[in-house]
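A short worksheet on the structure shown next.
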């Protein structure tokens, strides 16, 4: 028995030794450790910035007091505009911290390291970046501030979103959709990932699998919002999922150079929406579905397979790189076309930025210049005409780099009889 147990231990020991011999894995652990020290120092020595915390606590107080009408849940910065998942998360934070800022900062510091670990795991698994470039994920002054000095709900939404993406790398589409829907229940910006995610689901699963995964996501939203949907459904849906909000021009980081009358106009919003949809369609047709003959041919094949009698028709295993390229690029298109990006919105795409830069054909020096340039723009406070115009130019240059890059083949070699697939 001792000999057998010794033999069983050998593979695990060899796997551990291989991990530490792998420079990328070892460097990733070092990055996480050093960033944890940096976060601790920031919490200890950098003053907290009061922005939304008091408003969050006021909204949570109303909820815990029994209020279920979203029109009556307000804070000093205005009415509650986030789905119910936000209330549950911050109610738990209030219970743990007593509503005090310092223990909440420690909690958000832990969240920051968890999020960073998930993101680094995604990067190591996709192998797009060289090992030394992982350090870029820890070099954002603004993102550190968003997590541990501002305590925004974006932090929880993006951590849950990144966990969902990690599940997709293992072809766990149903679990990924559940986590994705949980992220949406905290903040609606996560829906920017929805169009490329739907396309990937159509590639990976048959139509019945897609419908069941979407049903799981819808069920999460119903369960999360149930106390409000039962009592005041219209107030909840109109406030928590308001797609027509107009943000204040002063806080815009990306379109500050646009005159305010134009910025708040419907024409500007519609123009950006058309650009958003057009770019998504163009990337889907010419880039993401290139190997399937284009978007329309791909959709036609899915309809045909749905009408066939074969239950396994349409099941595919997608390459990890194709999953992340499509997801990150699709979200980035939404970022480029967003009417207003506030400072905390940088967390919506910062962690995808190194990946996207290394998917372009640009030389490494230009990639680093673009990375530093974007970070610089996000640290100009308040934003001005020049910083916002520069940010837009940098975004468009990155987008052009993604457009002109070669599209990778999306599928792993098909061996459906020997590999287990999620339906």
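Placement of Cβ uses the backbone N, Cα and C atoms for every residue, glycine included.
In TrEMBL, annotation is done automatically, which means it is predicted and not curated.
Fair warning: this is a prediction, and the values are worked out from it, not measured in the lab.
For the transmembrane segment (25-48), same-chain residues at least 6 beyond its ends with a Cβ under 8 Å from one of its own Cβ atoms are 19, 101-102, 105-106, 109, 112-113, 116-117, 120, 123-124, 131-132, 134-135, 137-138, 144, 147-149. Under the heading transmembrane segment, TrEMBL lists 25-48 (among others).
Sequence annotations record features per position, and here TrEMBL assigns transmembrane segment to 80-97 (among others). Outside the transmembrane segment (80-97) by six or more residues, the chain places 56-57, 59-60, 63-64, 70, 73-74, 103-104, 107, 153, 156, 182, 184-188, 221, 224-225, 227-228, 236, 239-242, 245 with a CB less than 8 A from a CB of the stretch.
Residues or ranges marked as transmembrane segment in TrEMBL: 104-124 (among others).
Residues annotated as transmembrane segment in TrEMBL: 144-170 (among others).
Counting only same-chain residues 6+ beyond the ends of the transmembrane segment (177-195), those with a CB under 8 A from a CB of the stretch are 82-86, 89, 153-154, 156-158, 160-161, 163-164, 167, 201, 213-214, 216-218, 220-221, 224-225, 240-241, 280, 284, 327, 330-331, 334-335, 345, 348. TrEMBL lists 177-195 (among others) with the feature transmembrane segment.
Away from its own ends, the transmembrane segment (207-229) comes close to residues 68, 70, 83-85, 88, 173-174, 177-178, 180-182, 184-185, 198, 201, 235-237, 240, 302, 305-306, 311, 314-315, 422-423 of its chain (Cβ-Cβ under 8 Å, at least six residues beyond either end). Taken from TrEMBL, the feature transmembrane segment applies to 207-229 (among others).
Annotation source TrEMBL lists transmembrane segment at 267-286 (among others). Beyond the ends of the transmembrane segment (267-286), by six or more residues, the same chain brings 195-196, 199, 246, 258, 294-296, 329-330, 333-334, 336-339, 399, 402-403 to within a C-beta distance below 8 angstroms of the stretch.
Per TrEMBL, transmembrane segment is recorded for 323-342 (among others).
The transmembrane segment annotation in TrEMBL covers 388-405 (among others).
Listed by sequence, the residues of this chain that lie at least six past the ends of the transmembrane segment (104-124) yet keep a Cβ under 8 A from its Cβ atoms are 24-25, 28, 31-32, 35-36, 39-40, 42-43, 48, 53, 93, 96-97, 134, 137-138, 144, 147-149, 151, 155-156, 158-159, 162-163, 165-166, 169, 324, 351, 354-355.
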